[in-house]
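Notes follow once the structure below has been shown.
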Amino acid sequence: MESAQLCTRGYYRNSYNSITSASSDEELLDGAGVIMDFHTTEDDSLLDGDASPGSNYAMSNGGGVVSSSTHLLDLLEEPIPGVGTYDDFHTIDWVREKCKDRERHRKINSKKKESAWEFTKSLYDAWSGWLVVTLTGLASGALAGVIDIAADWMNDIKEGVCLTAMWFNHEQCCWGSNETTFAERDKCPQWKTWAELILGQAEGPGSYIMNYFMYTYWALSFAFTAVCLVKVFAPYACGSGIPEIKTILSGFIIRGYLGKWTLLIKTITLVLAVASGLSLGKEGPLVHVACCCGNIFSYLFPKYSKNEAKKREVLSAASAAGVSVAFGAPIGGVLFSLEEVSYYFPLKTLWRSFFAALVAAFVLRSINPFGNSRLVLFYVEYHTPWYLFELFPFILLGVFGGLWGAFFIRANIAWCRRRKSTRFGKYPVLEVMTVAAVTAVVAFPNPYTRQNTSELIKELFTDCGPLESSQLCQYRSRMNGTSAYADASGNQASTPGVYSAMWQLGLALVFKVVMTIFTFGLKVPSGLFIPSMAIGAIAGRIVGIVMEQLAYYHHDWFLFKEWCEVGADCITPGLYAMLGAAACLGGVTRMTVSLVVIVFELTGGLEYIVPLMAAVMTSKWVGDAFGREGIYEAHIRLNGYPFLDAKEEFTHTTLARDVMRPRRSDPPLAVLTQDDLTLAELQTIITQTSFNGFPVIVSKESQRLVGFALRRDITIAVENARRKQEGILLTSRVYFTQHAPTLPADSPRPLKLRSILDMSPFTVTDHTPMEIVVDIFRKLGLRQCLVTHNGIVLGIITKKNILEHLEELKHRVEPLASPRRHHKKRYPPPHGPDDRRRSRDHNVQLVPSFITCTKQEEEEEEEEEVRLLDSTSL
């Protein structure tokens with residue numbers, strides 16, 4: 001009856017293929033080989049000599065997670081080269097990597113007292129972690145400074161050139177000029193526009209058209225060069241890089257994504273993409289650049305180059321350094337790495353991340369790319385306190401940020417999905433050129449969209465003062481009624497110039513919203529931080545000006561009467577712009593703590609922590625009401641990466657047997673026996689299948705689990721044995737035990753593969769709730785988990801199976817049934833009405849896939865269940 005129940009209750013369900021299997025290493029079952037027959041045998045001689053006291057063996061008997069005091073791999077007299085490595089688009093085994101590192105550490109400690117050389121090697125090993133993060137911080141800060149300087153210069157090239165020194169941008173060109181005025185401080189004889197150089201005139205329709213044409217020409221040239229370099233030399237250099245960094249830090253292997261060519265092309269094309277005027281930023285790609293530096297430097301130290309888990313500690317520190325140089329926020333960078341991208345973040349990684357962020361910020365500060373002794377262009381300081389009533393507009397900005405984030409995620413994912421499914425996505429150069437042309441043509445007439453986005457954010461963040469010549473600060477003095485620039489004496493009445501600027505900001509807001517949706521995801525380096533902050537800063541500045549004018553014209557309202565005196569400086573529009581930027585960025589990325597700290601480090605004041613927290617949390621709550629996924633998680637799911645998000649909650653009542661493979665439509669489970677396979681039979685299983693691992697059992701009769709062997713390790717071990725050992729033939733016996741089996745005298749030399757056998761694979765029973773299984777995969781970073789019943793292997797659950805199951809549950813409504821219902825139907829209470837213990841069948845038989853459950857079997861099962869329930873006192 002047990003086998004019929006397994007058949008009818010979902011043991012052989014149809015496979016859900018929502019995630020592509022081409023790049024997956026998660027299918028670890030095989031469709032050919034030994035068909036398992038779970039018939040009972042004696043348990044006395046399970047391991048055929050392996051259960052001796054001297055054998056280093058630990059085994060699971062179907063009781064949850066296995067723990068073993070032995071290390072994962074038996075050490076060989078001569079280690080097999082290549083065993084323990086991973087192919088491209090595969091997931092690492094975190095448990096095995098940590099065991100390898102502990103073994104390496106024990107070996108170093110045991111030898112360091114033998115000689116001075118061994119002691120020096122142990123010191124080098126201990127300091128190698130600090131050395132690699134130091135090099136990563138130095139390289140990240142230097143590259144960030146070069147990118148900032150080059151991007152500013154190339155952005156100004158679209159408008160003109162400095163005659164005295166071509167390598168100066170517009171601001172640097174006019175620093176030494178004595179002919180600039182307060183009103184027109186950006187005009188000097190040394191700087192010539194393209195109309196002045198080509199036509200010889202600075203004003204008039206002809207000069208405007210010529211400047212318009214040259215602006216569009218340079219924008220298209222930069223965009224075309226960037227997309228061509230990415231397409232030809234480094235396809236991985238496109239996009240933000242943060243979704244892939246998150247996936248890599250979770251244990252996925254993407255060869256070349258953090259390589260030298262990617263670093264070189266990403267650095268060059270990032271400058272070109274930012275200079276082209278596209279609605280993108282360089283902050284996200286700087287995290288990718290820093291991780292490339294960390295990956296390259298980790299190969300200089302065997303401690304990190306030979307261990308994928310240790311390498312990811314360096315990448316976590318590198319991502320902190322990337323955010324540190326992007327925003328000038330070292331502490332925010334560490335929190336960003338902890339909150340947003342890192343999958344495994346021990347305490348020592350926290351310290352090294354902080355040190356890497358510190359070194360990177362110090363190098364960038366030494367370069368001083370913006371000439372303001374700050375790490376970012378839009379660093380601001382506010383000196384006006386905020387008032388309790390202002391929390392209401394602050395929260396409204398948070399609502400706007402959450403709505404914008406939810407709308408952007410859905411719109412951008414819909415466009416990216418359409419790009420993948422239509423022919424338009426096959427022509428990335430044409431798409432980039434189209435978006436760049438539309439952006440340049442529409443952006444030039446509006447001064448707020450024509451300028452660099454970082455400069456726009458700086459202008460919106462800056463509070464109006466006597467040294468500001470922005471159109472947003474053209475207030476009419478309340479004292480004498482004449483037109484003058486604002487002073488610090490209090491709120492001022494706005495002039496027609498301010499209203500004109502607000503209309504232009506409104507148009508810029510619509511433009512940024514639309515173009516950012518189509519720009520993020522292009523085949524050029526494209527960050528999302530700066531465009532999102534620009535959208536929020538525009539909305540916040542508009543709200544701030546409105547509040548300021550309400551306080552000026554209606555200062556006798558009860559809202560302003562108590563705290564805003566006549567002539568006092570009550571409202572700071574720049575503060576509203578900053579809060580709006582934080583709210584919109586939080587709505588898109590769903591960051592909270594790290595975002596507040598980043599913005600706090602931008603302003604340099606503790607006074608605005610509460611408004612920041614209110615705006616960011618409101619943004620997250622509103623965004624989560626429409627979906628808990630941030631933009632990076634949405635792109636991870638869109639690309640089909642094997643990433644288990646720790647933010648998702650598993651609330652369903654399914655069991656491990658509902659998710660494990662094989663299912664009814666799948667081929668039967670293929671296993672390897674521990675000592676009665678020939679090399680020819682093993683190679684047949686390997687060549688006829690495409691899966692990446694096989695459970696190893698005692699024998700066809702016992703079917704007890706011994707361990708788990710990876711396909712790659714088996715192939716490498718066989719090739720190495722044939723090359724180095726004589727007498728290995730196709731008829732050679734392959735064994736995974738400690739001692740060779742008894743063979744006839746004329747038998748060829750056997751092949752021992754015990755060293756590649758994982759003798760402590762993680763196992764769960766078939767009745768383990770999937771909620772627990774998902775937690776195990778998330779917290780331990782497992783690749784696969786075997787499902788057993790009383791020590792007999794039934795199937796396997798991989799990360800891909802869990803992702804498929806989660807995706808399947810999203811598209812169906814689970815019936816509201818008690819989770820105990822399955823247990824009551826499958827197993828009655830352990831004691832009958834006479835208080836005698838009820839006997840149970842401990843042996844589960846796996847029905848082959850070609851045998852179906854007939855109607856008669858279903859009726860017999862129902863009759864048996866009714867009989868069991870009737871004889872039970874509930």
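Just so you know, glycine gets a Cβ as well, placed from its N, Cα and C.
The compositional bias 'Basic residues' annotation in TrEMBL covers 819-828.
Per TrEMBL, compositional bias 'Basic and acidic residues' is recorded for 832-843.
Residues or ranges marked as domain 'CBS' by TrEMBL: 660-726 (among others).
Residues or ranges marked as domain 'CBS' in TrEMBL: 757-813 (among others).
The region 'Disordered' annotation in TrEMBL covers 814-874.
Sequence annotations record features per position, and here TrEMBL assigns transmembrane segment to 217-237 (among others).
Residues or ranges marked as transmembrane segment by TrEMBL: 257-278 (among others).
Within its own chain, the transmembrane segment (285-302) is flanked in space by residues 128, 131-133, 135-136, 139-140, 143-144, 147, 240-242, 244-245, 248, 258-260, 262-263, 266-267, 270, 311, 314-315, 317-319, 321-323, 325-326, 341, 360, 525-527, which lie at least six positions past its ends and keep a Cβ under 8 Å from the stretch. Per TrEMBL, the feature transmembrane segment maps to 285-302 (among others).
The transmembrane segment annotation in TrEMBL covers 314-338 (among others).
Residues 513, 516-517, 532, 535-536, 539-540, 543, 547, 559-560, 563-564, 570-571, 576, 579-580, 582-590, 611, 614-627, 629-631, 634 of the same chain lie 6 or more positions beyond the ends of the transmembrane segment (387-409) yet place their CB under 8 Å from a CB of it. Among the features that TrEMBL reports, transmembrane segment is placed at 387-409 (among others).
Residues or ranges marked as transmembrane segment by TrEMBL: 429-448 (among others).
Per TrEMBL, transmembrane segment is recorded for 501-522 (among others). Long-range Cβ contacts of the transmembrane segment (501-522) within its own chain (Cβ-Cβ under 8 Å, at least 6 residues beyond either end) map to 227, 238-240, 278-280, 404, 408, 411-412, 415-416, 419, 428, 431-432, 435, 438-439, 442-443, 446-449, 456, 470-472, 474, 528, 531-532, 534-535, 538-539, 541-542, 545, 631, 635.
What TrEMBL lists as transmembrane segment is 534-555 (among others). Residues 390, 393, 396-397, 400-401, 404, 448, 453, 456-457, 460-461, 472, 478, 491-494, 498, 502, 505-506, 508-509, 512-513, 516, 561, 564-566, 570-585 of the same chain lie 6 or more positions beyond the ends of the transmembrane segment (534-555) yet place their CB under 8 Å from a CB of it.
Residues or ranges marked as transmembrane segment by TrEMBL: 575-600 (among others).
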DSSP puts the residues of the domain 'CBS' (660-726) at 23 helix, 17 strand, 27 coil
Stretch in 217-237, 257-278, 575-600 most in contact with the transmembrane segment (429-448), if contact is a CB pair under 8 A
217-237
Model confidence for the domain 'CBS' (660-726), as mean pLDDT, reads 87
